[in-house]
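What follows is one structure encoded as structure tokens, with my remarks underneath.
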Amino acid sequence: MQNKIIIHGARAHNLKNIDVEIPRDKLVIVTGLSGSGKSSLAFDTIYAEGQRRYVESLSAYARQFLGNMEKPDVDSIDGLSPAISIDQKTTSKNPRSTVGTVTEINDYLRLLYARVGTPYCINGHGAITASSAEQIVEQVLALPERTRMQILAPIVRRKKGQHKTIFEKIQKDGYVRVRVDGDIFDVTEVPELSKSKMHNIEVVIDRLVNKDGIRSRLFDSVEAALRLGDGYLMIDTMDGNELLFSEHYSCPVCGFTVPELEPRLFSFNAPFGSCPTCDGLGIKLEVDLDLVVPDPSKSLKEGALAPWNPISSNYYPTMLEQAMASFGVDMDTPFEALTEEERDLVLYGSGDREFHFHYVNDFGGERNIDIPFEGVVTNVNRRYHETNSDYTRNVMRGYMNELTCATCHGYRLNDQALCVHVGGEEGPHIGQISELSIADHLQLLEELELTENESTIAKPIVKEIHDRLTFLNNVGLNYLTLSRAAGTLSGGESQRIRLATQIGSNLSGVLYILDEPSIGLHQRDNDRLIESLKKMRDLGNTLIVVEHDEDTMMQADWLIDVGPGAGEFGGEIIASGTPKQVAKNKKSITGQYLSGKKFIPVPLERRSGNGRFIEIKGAAQNNLQSLDVRFPLGKFIAVTGVSGSGKSTLVNSILKKAVAQKLNRNADKPGKYHSISGIEHIERLIDIDQSPIGRTPRSNPATYTGVFDDIRDLFAQTNEAKIRGYKKGRFSFNVKGGRCEACSGDGIIKIEMHFLPDVYVPCEVCHGRRYNSETLEVHYKEKNIAEVLDMTVDDALVFFSAIPKIARKIQTIKDVGLGYVTLGQPATTLSGGEAQRMKLASELHKRSTGKSLYILDEPTTGLHTDDIARLLKVLERFVDDGNTVLVIEHNLDVIKSADHIIDLGPEGGVGGGQIVATGTPEEVAQVKESYTGHYLKVKLQQ
């Protein structure tokens, strides 16, 4: 096999007919500015062709379900291996998908518990074992010689009644003696039993002395006892000891039964093992009392009950007033001062007790009736589940939250699965082991106490689990738990988890294509990620990694720099070679940063802010250890720390939600904290995340930033438009009139693929131009509206330079480094980083109040160092206007540019959640306990 992947004539997207050679079995980094064509080369050319060739190798029957994969725009690719893409966009949002299911560790855990687990009675009656008649005989014969015993068949266990028919049947079957409540009676002389008391009844099958020659008789008696006792028997050894046996997995004391242990019992995605209350989700949608009574200091008359606010309707407040008068509850007493009984009445209703309700509505309709009082919680639940109105359901949903299931306590499984332990009764059940962090899980596997037989069975299973956990640990995910929902993971976390699955497969000869695996990873953990990538390479695989991290680039075997610019100014191979060769290439911007010729300078001075703070006290959500944190306003703040240290919990779960709740009346409940102050110093909260700017191809940069309204105004003012009577709406692709009706102005037709992702194809009528031919006959400066939407931001800036209102808005898009995108580029095709910068652009042209709080979570995702320099200038513009910018970030160039750092740690998970250091970058760099400070010190000295 040749030792290179040779590509000729690649033209996907902005690639300019490039030729490139990529060494096989090496770690190859593809880098370049955002939009330069890196992903077009790695994913849309190399991976797409590898996938297409694989599909073509399948049978015609299999191909009919996959459809024809379009050949990428490339002349030829030689030396291609089977390709596996590990990107950041394919994270499952299904609530049933967890870290354990994605990595397949759960499959091995289920097998482990099915093979070496022991069930224990949930009522505390010890281990539950299943024994055959032969095993029971062997255990009885092992008793001391001359032991006197009687074999009993339990037929009534803790049941009320006189049980006369049972005694008649025992006599009819030919048995002579019974034991009733511990006393032996002749079956014909049993005293009359009390109807109202619980009774135990056992039939005496045989009486024996343990000695040679009794095996045959004992075996017959045991079989008879099991038959009569429905699989249970008791051995009474006459000296007061009793042995309980069962041929089922069933507790002989209370009857708690466990089915045969098999892997499906431990799956929360199968009805056999899932919790019957929450169906294996671990959470239930329940009414949240904190949302129903947001301010307990208010009285019922003052509107303490949010769902029954008199603003929307007077019906429920009237009912409440009349009910409380009837039941003697004071409406003027603060809710928190009501007795527990009174609060229960208000929340959950009066049960069967009725009150007289009289109500006249606005139309004169009258209700005069004696009814029970429903209670506000019961009312919200009923209206949510019974209404046919989406509006009402959404309103009621605002008073509900996903709370931990009270039946399974969040473990997702039923009692039969959770009663099985490994390593004795003190060992964990499968739910508990899934709640451990990866690091603790590894330690538990080392300390697991198994019998010799169990160890032999468990050894290959434990090895598979250990290998996968070790890799997760090695890529900085030691703080995650197997029960963590996949939908809550960041892009970088989910990608590294899928890497763990691939390393576990031990494949060789594969082409892996990765998209920025270092995202969300602290510098401390980056070296371990690089080692893991090298391990995959050493197995005989080729790794093509789209990456911007300088450390990763310097450790690569080969570097390909795509550029020189973005969009139509990119798409060329600027440099290709070893990192040292690229660093010497004067044409390569990447090379200039690697060699140190270009760099992001450290600010000459730090801003002092406006002297005000937002202060959170007692932040205790997830792993946060009751933190008191001050966020200085009027500064550029960076929240840092190793992965899992609590950054997102502090900023996104507590600060952002608490501020949104106060400023925007947001119903999203913040995480646990004691108090927050200083929100009055800000007027707006702007969350600039990486979610799409629109979920359909109709949304694009022009519509999102609002510049399209101005462009449509301009077209409506042209002479041709006035002659035809066209107004502004004629140039909208969202309403009838000027748009192409064949595709409803989308320019593309969606083809539903059912169980595959939907496919979009260009409209055959308008050929993707969105408008009908009459609309396209109107021109401004010889361009029609469709041609304007096809312009890049850079071209549009020149085209509209004479129209300041339009040029100003387009300039903001260029300022955030998106000069290469087209005005009409569908929002669905923008990356997370591009969407985030588009949101920044839309904020830039708004008039600043100087009292805004901007929150950004890892804004450097997908950005080259040159793009980061541009991003920092934009963020600094916000701060210079008096606003506060808060970023969660690992990138040292951003961290060193901040005015104030809040460093969390010291570790991830349970080892984190503390403030390790705060202050300027220079101050944090001096804190020895801070991992961030350690790397920052080096960066500040460069």
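Placement of Cβ uses the backbone N, Cα and C atoms for every residue, glycine included.
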Query = Pick from 27-54, 251-278, 307-334, 391-418: which range does Swiss-Prot record as zinc finger?
reply = 251-278
Query = Near SER643 (ATP binding site), which residues of its chain come within a Cβ-Cβ distance under 8 Å, counting only those 6 or more away in sequence?
reply = GLY476, LEU477, TYR479, GLU493, GLY520, LEU521, HIS522, ASP525, GLY908
Query = Residue counts in helix (H, G, I), strand (E, B) and coil for the zinc finger (251-278), per DSSP?
reply = 4 helix, 2 strand, 22 coil
Remark   = With the cut-off at Cβ under 8 Å and a gap of six or more residues from its ends, the chain residues touching the zinc finger (251-278) are 96, 101, 106-107, 109-111, 113-115, 117, 119, 121-123, 125, 128, 154, 157-158, 232, 234, 244-245, 284, 405-408, 411-417, 419-420, 430
Message = Under DSSP, is SER36 (ATP binding site) part of a helix or a strand, or is it coil?
response = coil
Query = Near SER36 (ATP binding site), how many other Cβ atoms are within 10 Å of its Cβ?
reply = 30
Task = Averaged across the domain 'ABC transporter 1' (308-589), what pLDDT does the model get? Just tell me the whole number, please.
result = 90
Task = Determine the Cβ neighbour count for LYS38 (ATP binding site): the number of other Cβ atoms within 10 Å of its Cβ.
result = 27
Task = Counting other Cβ atoms within 10 Å, pick out the least crowded of the binding-site residues SER34, SER645.
result = SER34
Inquiry  = Given a 10 Å Cβ-Cβ cut-off, pick out the one of the binding-site residues GLY641, LYS647 that has the most other Cβ atoms nearby.
reply    = GLY641
Remark   = Close in space but at least six residues away in sequence, with Cβ under 8 Å from that of GLY32 (ATP binding site), the same-chain residues are LYS38, ASP561, VAL562, GLY563, GLY570, ILE574, THR590, HIS864
